[in-house]
């Protein structure tokens, strides 16, 4: 086989490696004498281990194998955790810097541009909501890294459109940013999954979000310093553009996940073949461990050895043949219809969730979540003086970050309802305080946005947790639908929010909050528990 074919085959080892190695391991384990119940109890073996007898367990332990379930490449991947964290830290730093500039810009839009700002953000979130439905196959095609790089460019272009304000280009940049945001966030999720192991996802995601959430603090403080220094809007957005471009550079120099995956797969495959070969050699060179009482038994052992080698050759030939078939199909473009079919299937699954009974009871709380984004980042900022606005939003961001950390930990210990109720009271308190705020009582805006920040962290953590718990088999479709509902709700309020007063907007917010809580309460107590410890088995009901 030439080197080009070998490289193409190695690219697709992921689908083949595990079955091949498991088959070989099963054959090896089949030669081991059956173990008694007492041996299993004493040695902690049984279903959770591959090699059953205590004799072979000792042999494995002697050569570095522990009494744990065999996992391909676990040693190498543990060593790569540091490398994975460095990649995610680089990505998190890039995101944090890009969004420090963008969120500061977004917070100023309704204050600086008035109705233009409302319509711009409405268009942005409308395109973002719908594009989430068809962007994933684009990410699959071009890769996670390139998706983030392209997406981040549109964030920078949107900030640039504010330097020389021309309505047409301003709206065009808003629509393009909706597409860019879908690319960026879809690529972000794919990149985290591709560079991490399953047992690392919690740690890796926590590191990324911890860095990302800091953007509201640093970005708004930077904007506040520039504004209070007496600089013009053009200077402000020029500086923010430079900041965003600097964050984009961090994403540009991220390693490509395909190269990382190929390197890991090849290393894991070769490592596991070496381990299996080493075990076989050790086992065959230890006759005392396998006492052969007669020549007949010795002949049987030899026959089994020949049969095992024959099966290994067959497995290897089958692997190569399968890889050749995949390479030919890829060269002919035969995989494209499968991609289209998968996209269609995912879209249908997402829309089918609208008819799923549990999801119906979650729609109102999702709409509420979308409305809050407009209130927090559009309606309220439009009422605050420009020199104070960025400081107020920095307080909002700081409380949001702290609340996310506290609520995430508390939720696992005390359940979701205490967090949801506390977030609801914080939302109502924040709204009441904001209604009494004015230029003379600017401190009320600080206090009101602090309550809103805590409420935002509470609902965000719990909604994501509930969706992941109730739809753990269809979580991709559930989150896609949540983003669709949330984004369209945000866009709708940006469309009409400019024509209503602060009191009317907050009353609409509270109406959806109360209705959403009622439906969520009914879902929890009558249909399915939203807390892990209190859950009951639920069969999906289509209505």
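Here, residue 1 is simply the first one shown, and the rest follow in order.
Keep in mind that glycine also has a Cβ here, set from the backbone N, Cα and C atoms.
The compositional bias 'Basic and acidic residues' feature in TrEMBL is assigned to 279-306 (among others).
As annotated by TrEMBL, compositional bias 'Basic and acidic residues' applies to 314-324 (among others).
What TrEMBL records for 31-53 (among others) is region 'Disordered'.
According to TrEMBL, the region 'Disordered' annotation covers 279-339 (among others).
The annotation transmembrane segment is assigned in TrEMBL to 84-102 (among others). Here the transmembrane segment (84-102) has Cβ contacts under 8 Å with residues 148, 152, 155-156, 158-159, 188, 191-192, 195-197, 200, 203-204, 207-208, 210-212, 214-215, 218-219, 222, 240-241, 243-244, 246-251, 253-255, 260 of the same chain, all six or more residues outside its ends.
Under the heading transmembrane segment, TrEMBL lists 122-139 (among others).
Under the heading transmembrane segment, TrEMBL lists 146-165 (among others).
Proximity of distant same-chain residues to the transmembrane segment (171-191), defined by a Cβ-Cβ separation under 8 Å and at least 6 residues beyond the stretch ends, is recorded for 91, 95, 119-121, 123-129, 131-132, 135-136, 138-140, 143-148, 150-155, 157-158, 160-161, 208, 254, 257. The transmembrane segment feature in TrEMBL is assigned to 171-191 (among others).
The transmembrane segment annotation in TrEMBL covers 203-229 (among others). Using a Cβ-Cβ cut-off under 8 Å and counting only residues 6 or more beyond its ends in the same chain, the transmembrane segment (203-229) has close neighbours at 84-85, 88-89, 91-93, 95-97, 99-104, 107-108, 188, 192, 195-196, 235-236, 239-240, 243, 386-387, 389-391, 393-394, 396-398, 400-401, 404-405.
Taken from TrEMBL, the feature transmembrane segment covers 235-254 (among others). Outside the transmembrane segment (235-254) by six or more residues, the chain places 87, 90-91, 93-102, 104-105, 145, 148-149, 152-153, 155-156, 159-160, 162-163, 191, 219, 222-223, 226-227 with a CB less than 8 A from a CB of the stretch.
Taken from TrEMBL, the feature transmembrane segment applies to 361-382 (among others).
Note on the transmembrane segment (388-407): residues 103-104, 107-108, 111, 209-210, 213-217, 220-224, 227, 376, 381, 419, 423, 442, 445-446, 449-450, 452-454, 456-458, 460-462 of its chain, located 6 or more positions outside it, place their CB under 8 angstroms from a CB of the stretch. According to TrEMBL, the feature transmembrane segment maps to 388-407 (among others).
Look at TrEMBL and you will find 419-437 (among others) tagged as transmembrane segment.
Note on the transmembrane segment (502-525): residues 358, 361-368, 371-372, 374-375, 379-380, 383, 417, 420, 424, 427-428, 431, 434-435, 493, 531 of its chain, located 6 or more positions outside it, place their CB under 8 angstroms from a CB of the stretch. What TrEMBL lists as transmembrane segment is 502-525 (among others).
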Remote residues contacting the transmembrane segment (419-437) - C-beta distance under 8 A, at least 6 residues beyond either end: 372, 380, 383, 407, 410-411, 444-445, 447-452, 454-455, 457-459, 461-462, 502-503, 506, 509-510, 513, 517, 520
